[in-house]
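Comments concern the structure below.
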Amino acid sequence: MKIKTILTPVTCALLISFSAHAANADNYKNVINRTGAPQYMKDYDYDDHQRFNPFFDLGAWHGHLLPDGPNTMGGFPGVALLTEEYINFMASNFDRLTVWQDGKKVDFTLEAYSIPGALVQKLTAKDVQVEMTLRFATPRTSLLETKITSNKPLDLVWDGELLEKLEAKEGKPLSDKTIAGEYPDYQRKISATRDGLKVTFGKVRATWDLLTSGESEYQVHKSLPVQTEINGNRFTSKAHINGSTTLYTTYSHLLTAQEVSKEQMQIRDILARPAFYLTASQQRWEEYLKKGLTNPDATPEQTRVAVKAIETLNGNWRSPGGAVKFNTVTPSVTGRWFSGNQTWPWDTWKQAFAMAHFNPDIAKENIRAVFSWQIQPGDSVRPQDVGFVPDLIAWNLSPERGGDGGNWNERNTKPSLAAWSVMEVYNVTQDKTWVAEMYPKLVAYHDWWLRNRDHNGNGVPEYGATRDKAHNTESGEMLFTVKKGDKEETQSGLNNYARVVEKGQYDSLEIPAQVAASWESGRDDAAVFGFIDKEQLDKYVANGGKRSDWTVKFAENRSQDGTLLGYSLLQESVDQASYMYSDNHYLAEMATILGKPEEAKRYRQLAQQLADYINTCMFDPTTQFYYDVRIEDKPLANGCAGKPIVERGKGPEGWSPLFNGAATQANADAVVKVMLDPKEFNTFVPLGTAALTNPAFGADIYWRGRVWVDQFWFGLKGMERYGYRDDALKLADTFFRHAKGLTADGPIQENYNPLTGAQQGAPNFSWSAAHLYMLYNDFFRKQ
């Protein structure tokens, strides 16, 4: 049934007025603090992430900061270079402008600020004014417009110097190492060119720090003639003007010889018609804000956070590079392990869901990037994994695929929320060709889960690990390491593992497949997968618990011909079952759109079977919460694989059936009561990743305490879905008030401390931004 909405002229005028105001980037100055002057290549914060927030846009591979005071005014400090998979600063000052009149340096006052899509500096003196606006013109080149107003001749001087010091944490040096000493092959060299200069870089293949091709360059081109002098790692460029002048400068980070060659024509075109590129950037950002800021019910504070989210997601957008042939979005451009074009499926589903509303083309591209490496029949590395989506793709392939990358990961995949994300893109764009493009990929992904991760064949997949050198011997025996005292021994085989567990003569076990299974859930080292600190386990045992409660078991998954496919944890996860419930529903929707009624019917039946199983088997009536279920040797009389794993405590997986709509109303009522209990999840910042009563809870533990915005949002939407919107709004208000830095100019964080609200994890974090945008765009609208 279609409902026609008739708007009165007054209503239309109000909406148009709101939209026009919202789309004006000038209304959102300094939403994120972009000032800074790095003194080290790795200028880290307390958690080893780059501690400044450079401006990136248009998928670029370099970023700029605003000056932090008189010493850096006139330039855009800390050129941040994305060296394939890592962010590293190149300079503190580079191409910093000073102005001289009658042989004296002009003493300016500085106003510097960011707006969505640009960095702006205004330098003011009695007889001279300079206005500088920096925007991105292409995915490899930024463009600076410098307007100089003066009635007298001026001498212009630009200078810069490459960084020498290697590393610091919170501004304090970690060592006295130099960049040249640590990376002798880096061989940074400044050279003058016809219209500017360039920095060339030698080839470095430091797997975990710095990756360069030996062909990369940072180029500076100017629209007026300059004379450049170079002294080692320093340069000075000079020009003379007779009065008021507007000049243009391009900055390009080019990672390969092919990019260097290809971009030159673009640079010439940018300098030939700079106004076109500046206007295009401005209009592009106006369009993002116009599309993205459509909630007239949101408070100014909520809207400002939404703008911060839009800036964050667009800043983490990377254009194609290396093995990733599509535009993509990374978790955090400033994150130690999340930069370059490193792309995860779990992050992608959420990023694309949000970006569909303001940057739908990149939302599509991000999803395409993930599926571009979906395993096809006859794959040379893992032919047994047809339909599988790798956990992490990046610039460099793994050694198994002919590259030298260390981050590329095929040990696991991520939860199946792909169809949820694809459908949101369709709901926004109404693009049926998009559904037709993605449907067969999603079906293959869905089928992989049931073929390679459903050990007991009951349609409820488990989390697990692929067949991989990290998990098993060449003959297919699962690897594990036994630790006792100061000794450790690596063994293999499930039978050996069972004997070791039964004897109990160990302090701890390290099992790569267990780690991969937790990664596969998207909740690394969560309590439900048997992760607990030694002190916590000792306390648990002292209080009457058993160590074996936290011991996980595994099963080999094999094809009909006996081929090892991989491993499953011998437990069925309630969150993955709930995601698969949604997956079936969305596949049914897509099948209907594409005129495939029989397939739609089959997926709806699968969804109902999952819902019945979740409510019959995974809800514990005693503790009134959902849990994972152990897979016993034989199913229980009620058809369940086993009993709920109550002893590992409550976690956000327990509200996944609510978010996905699989819960019964009665069970949802009970779960919400737990969520609202101050002794469980209703903490200073609510809905953390373990309840206060969980034996493995720690406020600072990554997935056993900290509040992650995705799980928080899943909880709110689940509550809303089952009639608890008012309670959910109170939790949302608490989050906004207590999550530190959120409504100020700090970056959006990876997670937050549930007891103090302290910022934790990586800054400029995409999926946090995505869910904060969703709160603004959907949840904070009046019903």
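Glycine is treated like the rest: Cβ placed from N, Cα and C.
Of the residues GLU556, GLU572, GLU589, GLU598, Swiss-Prot puts just one in the Ca(2+) site with ASP454, ASN456, ASN458, VAL460, GLU462: GLU572.
Per DSSP, the region 'Linker' (254-299) is made up of 35 helix, 1 strand, 10 coil. A 10 Å cutoff on Cβ-Cβ distances gives ASP524 (active site, proton donor) a total of 14 other Cβ atoms nearby, all chains included. Model confidence over the region 'N-terminal domain' (24-254) is summarised by a mean pLDDT of 98. Taking a C-beta cut-off of under 8 Å and a sequence gap of six or more, GLU750 (active site, proton acceptor) has these contacts in its own chain: PRO331, SER332, GLY335, TRP708, GLN760, GLY761, ALA762, PRO763, PHE765, SER768.
When other Cβ atoms within 10 Å of the Cβ of GLU572 (Ca(2+) binding site) are tallied across all protein chains shown, the result is 28.
The residues near the Ca(2+) site, meaning same-chain residues not in ASP454, ASN456, ASN458, VAL460, GLU462, GLU572 whose C-beta sits within 8 angstroms of the mean position of the site's C-beta atoms, are HIS455, GLY457, GLY459, PRO461, SER568, ILE631, ALA641, in sequence order. One residue stands out among the binding-site residues ASP454, GLU462 for having the most other Cβ atoms within 10 Å of its Cβ: GLU462. A C-beta separation below 8 Å, combined with a sequence spacing of at least six in one chain, links ASN458 (Ca(2+) binding site) to TYR613, PRO635, ALA641.
A count of other CB atoms within 10 A of each Cβ picks out VAL460 as the most crowded of the binding-site residues ASN456, VAL460.
On a Cα basis, ASP524 (active site, proton donor) lies 17 Å away from GLU572 (Ca(2+) binding site).
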